[in-house]
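A.B. asks: The transit peptide feature in Swiss-Prot is assigned to 1-24; the stated evidence is sequence analysis. The topological domain 'Mitochondrial matrix' annotation in Swiss-Prot covers 25-44, 90-104 and is backed by similarity to another entry. Here Swiss-Prot flags 45-63, 69-89, 105-126 as transmembrane segment. Summarising the annotation, Swiss-Prot assigns topological domain 'Mitochondrial intermembrane' to 64-68, 127-141. Annotation comment: Swiss-Prot describes His80 as heme b binding site. According to Swiss-Prot, the ubiquinone binding site annotation covers Tyr92.
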Amino acid sequence: MSLIRCTTSKALKFRQLLKMAARTSVTTPVSREPFSIEDHSLHFKIERYWAAGMIPLIPTAYFIHTPAMDAVLTVAIVLHVHWGIAGVVSDYARPFVIGDTLARVARASVYIITVILLASLLHFNNSDVGLTKAFEMVWSL
């Protein structure tokens, strides 16, 4: 007696699962392009190199207080924060979890936060003592 024709409760559940699996299975086409939109390995490498490049940048910025160093440090921090927040949003604010509308709002808010942070830090660099001098003042307390 075959498992599918059996009328026990386990066999019925198994048949129902097979029917559900047949209805919900999706075939994903495989892209043959060398760099597809879904390939994030290059982006991941750039993020890692960027983070590694910030290791000598931060101590150097402590000793060099120029507007150019302020600008470089500002861009480095803003990009690092942007990629971090974008990663969190892409992991936890998926449309499947929170809905399409909230997922779009979350993705848009990442860019809004990034623009506000960049504008604020550039304004601070131009109208006040600058980022590197401010860090030195904080550490001298």
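Yeah, the Cβs are placed from backbone N, Cα and C, and that goes for glycine too.
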A.B. asks: For the binding-site residues listed here (His80, Tyr92), which one has the lowest count of neighbouring CB atoms within 10 Å of its own CB?
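C.D. replies: Taking His80, Tyr92 as the binding-site residues, the minimal 10 Å Cβ count falls on Tyr92.
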A.B. asks: Please report, as numbers and ranges, the same-chain residues at least 6 past the borders of the transmembrane segment (105-126) whose CB is under 8 Å from any CB of it.
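C.D. replies: Result: 67, 70-71, 74-75, 77-78, 81-82, 85-86, 89-90, 93, 98, 134.
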A.B. asks: Can you tell me which parts of the same chain pack against the topological domain 'Mitochondrial intermembrane' (127-141), counting only residues 6+ beyond its ends and a CB-CB cutoff under 8 A?
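C.D. replies: Long-range Cβ neighbours of the topological domain 'Mitochondrial intermembrane' (127-141): 61-62, 64-67, 69-70, 73-74, 121.
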A.B. asks: Would you kindly give the Cα-Cα distance separating Tyr92 (ubiquinone binding site) and His80 (heme b binding site), rounded to the nearest Å?
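C.D. replies: Approximately 19 Å lies between the Cα of His80 (heme b binding site) and that of Tyr92 (ubiquinone binding site).
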A.B. asks: So if I exclude everything within five residues of the ends of the topological domain 'Mitochondrial matrix' (90-104), which remaining residues of that chain have a CB under 8 angstroms from its CBs? That is, six or more out.
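C.D. replies: Apart from its flanks, the topological domain 'Mitochondrial matrix' (90-104) reaches none.
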A.B. asks: Using DSSP, how many residues in the topological domain 'Mitochondrial intermembrane' (64-68) fall into helix, strand and coil?
C.D. replies: 2 helix, 0 strand, 3 coil
A.B. asks: Which residue counts does DSSP give the topological domain 'Mitochondrial matrix' (90-104) for helix, strand and coil?
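C.D. replies: Within the topological domain 'Mitochondrial matrix' (90-104) the tally stands at 12 helix, 0 strand, 3 coil.
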A.B. asks: Should anything in the same chain at least six residues away from the topological domain 'Mitochondrial intermembrane' (64-68) have a Cβ under 8 Å from its Cβ atoms, list it; otherwise answer none.
C.D. replies: 125, 130, 132-133, 136
A.B. asks: Can you check what DSSP calls the residue listed as 'heme b binding site', collapsed to helix, strand or coil?
C.D. replies: helix
A.B. asks: DSSP-wise, what's the residue breakdown of the topological domain 'Mitochondrial intermembrane' (127-141) into helix, strand and coil?
C.D. replies: 10 helix, 0 strand, 5 coil
